[in-house]
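Feature list (source: Swiss-Prot):
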{"type": "ACT_SITE", "residues": "H107", "note": "active site"}
{"type": "BINDING", "residues": "Y25, G26, S27, Q28, R48, S52, D82, E83, I84, Q85, G133", "note": "NADP(+) binding site"}
{"type": "BINDING", "residues": "D190, E226, E230", "note": "Mg(2+) 2 binding site"}
{"type": "BINDING", "residues": "S251", "note": "substrate binding site"}
{"type": "DOMAIN", "residues": "2-181", "note": "domain 'KARI N-terminal Rossmann'"}
{"type": "DOMAIN", "residues": "182-327", "note": "domain 'KARI C-terminal knotted'"}
Amino acid sequence: MTKVYYDETVTQDALQGKKIAVIGYGSQGHAHAQNLKDNGYDVVIGLRPGRSFNKAKEDGFDVYTVSEATQQADVVMVLLPDEIQGEVYNKEIKPYLEKGNALAFAHGFNIHFSVIEPPSDVDVFLVAPKGPGHLVRRTFVEGSAVPALFGVQQDATGQARNIALSYAKGIGATRAGVIETTFKEETETDLFGEQAVLCGGVSKLIQSGFETLVEAGYQPELAYFEVLHEMKLIVDLMYEGGMENVRYSISNTAEFGDYVSGPRVITPNVKENMKKVLEDIQNGNFSRRFVEDNKNGFKEFYQLREDQHGHQIEQVGRELREMMPFIKSKSIEK
């Protein structure tokens, strides 16, 4: 059975007297840094020039370049976008790591796929909250927390596991519970969830439903409401109580349709395709494609983004959200 670590079984001892450099001050960076600081940890911020630099200063942190922050720190937590971590690490972190330091991440992508290859004399661990940074911070301030995963890739000092747990406690995660994993497991399951279900799977399911109704002659506005807008109602129910809560809350007509028509849409071949997606993640095909496209200026990525931006469902959605000022402010400006 999975073991969960809580506040009462984890101490801050492994990080006593150590300085932590949080590299990045975006969604996760600001939450980690502020929570650690509020828990009494010694924190500095490492950033490149930009808006985040001033924001971190306004929040009361000592802010340095990435290399300067690394030189001061015992623990370096890298909270930058996946695609820039490798370059920043090689130029501004790696030259300044010392024996016995700890290198940390909130996602295992660059370590697992060897984009970043740390020296053998430093600890390498991850602490990955299962929620966005604003929620990590808000729940901490409210006295609760977002659960997290932790894992150790390299234990040079014999203390990497304790340091990782102390770090998890520092951001508040042990209030809710922390589950041990590996870089491999965290990375592959995270990518699979994004590609097959949460982002890729759901977006194509919604688009296909929209296209089916519009091609059958139904008004695009009604199609949007039925397959996209109402998705939030169902997801919220699922989030709060699982699929059982959805089926308890919807009409008998909807529940019966769930049972008889769901398997007609998500057929066994869909699961087989999911297995192929997982295989491409496991064998490194996806990571290589992503890394190579990044090196080429993200030509494929930006073209795919532009193609999706032009889909009819996006235009219809922009127009309909004008009727709903309570959500209009969440629209993304291009």
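Note: Cβ is positioned from N, Cα and C throughout, glycine not excepted.
Put simply, H107 (active site) is 13 Å from G133 (NADP(+) binding site) when counted between their Cα atoms.
A distance of 9 Å separates the Cα atom of D190 (Mg(2+) 2 binding site) from that of the residue listed as 'active site'. Considering only the binding-site residues D82, D190, E226, E230, the Cβ with the fewest other Cβ atoms within 10 Å is that of E230.
Each residue contributes its Cα atom, and for E226 (Mg(2+) 2 binding site) and I84 (NADP(+) binding site) those atoms are 39 Å apart. Annotation for S251 (substrate binding site): no spatial neighbours, criterion Cβ-Cβ under 8 Å with sequence separation of six or more. Long-range Cβ contacts of the residue listed as 'active site' within its own chain (separation 6+, distance under 8 Å): D82, L126, A128, E186, T187, D190. Local packing around the Cβ, expressed as the count of other Cβ atoms within 10 angstroms, is greatest for Y25 among the binding-site residues Y25, R48, I84. Helix, strand and coil counts from DSSP across the domain 'KARI C-terminal knotted' (182-327) read 125 helix, 0 strand, 21 coil.
Of all the binding-site residues listed here (Y25, R48, I84), Y25 has the Cα closest to the Cα of E230 (Mg(2+) 2 binding site). Long-range Cβ neighbours of S27 (NADP(+) binding site) (same chain, at least 6 residues apart, Cβ-Cβ under 8 Å): P132, G133, H134.
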